[in-house]
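Below you'll find the structure, written out as structure tokens, and then a few comments.
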């Protein structure tokens, strides 16, 4: 075979491969690469969405990191929610999945009951929680008061608003429960039998049989949970608005992140800066920070995955 | 080879970036459409209540009758966020005529080009704005000399009071000064355990309309100095207002107790508003509350008065905060001349303004309409007509970044009223610095 024929064959092969990959390549270029490059570019410009962008160097970056008073509180809130909400959702999702796979009767009923909240629209669910946890008129505090227990301010108290949001997130745990149930039912029964013959306790069976088998699912739940928590927008925004007394009425101003910026998250800043203040440049900086955080968390988790899975093996 | 690839990549990135800028809504210069040609224009507004939507449609019907060649497609319940996206996107389905309730955003709309400059249209129509609109309304619809909007009805803010509660407490007249407001609010407050059976006045900044910008007209003030720098730390009016408000909060039971009580309030726009239910006996609010209280069927007599003024400004009693709906033309509209016909009709035609005012129950926005015998209103509404015409009534100044400076100041107010900031002057100085930084960033 001549060199020319070989080259021609390789070129044809490369073209064929590219043709097969083209749907992905087109999607990647238009929906990831192009927005990504644009976001980086806009972060170095003064751009209001109406006129042409004008290069302004690192001005947006210094503004966001040094002069924008909402950035650091919202970064802290986002990290808090990532750590606490993801942990709680995975622990409770797995716990409920374990319980439901163990019970003998009424499995269908419980499965439905725990799954239903996941189907509730986020705005409706948040409104219901704000109503239930209203410190003045809500039934939760009325019951707590009847038992002589402390009655927190929930969404009206900066130290309780994030725990209240966590409760809301844990309430809608149906998605994780279903995934964990499927993986738990997939664990080979003979491994449990062998562990029982060896005299393993319930905890030892969970630690040395269940967990190693479901560790890829746990990793999946954590990685997707982290990304979801980074994008947490609707629930904190609605909770903050409603609890601060602003429900409707165009033109009304409200305290972002009420109370005391405690429900302010990075996605809210992207919206506020870009779409309300017409400052695309600064909004792009916050979006890139979110992207970098999501990448860092995912890289850490993927690195930890090998240890987790190898330790399990 | 490697360098060549890098260069190609850099060029591709630059090309993509240029494309990105080309894909956004850009303003069109000038208007060339024939306003007498048969055409359809889109009008986007923010009203949503059925009675309001009907009033808008009635107004549009009157316009279409007067301009049979122009058909208007109306879209309601549009807030500023939706409006901003539509103005950026442009397109044939986008709005031609746009309105907003947020007068504070006019600075942003005008400076960014989100709203078209109306000067050429006004000159072409030979409109004398000074003879048509009250001065405050003309001020809040332009920014640094660029007129990108016109006023479409006005909101005037005053003090609502429960006449039955006043009578029961032996109070014969509404308060006229801020000291009297404190005195009356204390007298009207009826405690019940650690909460209230009736609160005289909800002073907290989260108490619906009791925000910084609505309190401020009671003190003669200026948000910015002649150089456009924040004046809040220099003008003593701001420190006086915050000091007064904090004292009122403390005298009525303290921040925590009031906030807990606020948690029991119904929606501001619903029948369970705390003034309707009798939970609060006085309320700073706009002229619309009169109609809303009527619709809610309150079981007491509602009184209205101008908001009390600072003790040393008693001679200016009668003034108040003004704002209102603004209307303009989308820069991407291909039918700007037809759109101008609608803007001109809705904002300057006395009959249209009067009828619309009667329908929406807002204060009319032209000098002639304010004096029109065709205005159908409850006699108490006269208070708001007077506030609208008071020479010392004021509104918040415009800024290049819209209402951002107000939100920053408001945010300081939340911290101060709850006692998180102890040093008022230092707090105001820090807030002024932040306002200047934000404005410099937006320029």
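Every residue gets a Cβ built from N, Cα and C, even glycine.
The annotation transmembrane segment is assigned in TrEMBL to A:21-44 (among others). The list of residues near the transmembrane segment (A:21-44) in space but at least 6 beyond its ends in sequence, with Cβ under 8 angstroms from a Cβ of it, reads 53, 55-58, 60-61, 280-281, 284-285, 287-288, 291.
Residues annotated as domain 'ABC transmembrane type-1' in TrEMBL: A:75-301.
Annotated transmembrane segment per TrEMBL: A:79-101 (among others), in sequence order.
The transmembrane segment annotation in TrEMBL covers A:113-133 (among others).
Per TrEMBL, the feature transmembrane segment maps to A:164-185 (among others). Here the transmembrane segment (A:164-185) has Cβ contacts under 8 Å with residues 81, 84-85, 88-90, 92-94, 96-98, 100-101, 111, 114-120, 125-126, 129, 133, 154-155, 210, 213-214, 217, 220-221, 225, 232, 235-236, 239, 263 of the same chain, all six or more residues outside its ends.
Residues or ranges marked as transmembrane segment by TrEMBL: A:206-227 (among others).
The annotation transmembrane segment is assigned in TrEMBL to A:280-302 (among others).
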Can you work out which residues elsewhere in the same chain, 6+ from the ends of the transmembrane segment (A:280-302), have a Cβ less than 8 Å from its Cβ atoms? 36, 39-40, 42-49, 53, 56, 59-61, 63-64, 68, 71, 75, 78-79, 82, 219, 222-223, 226-227, 230-231, 266-267, 269-271, 273-274
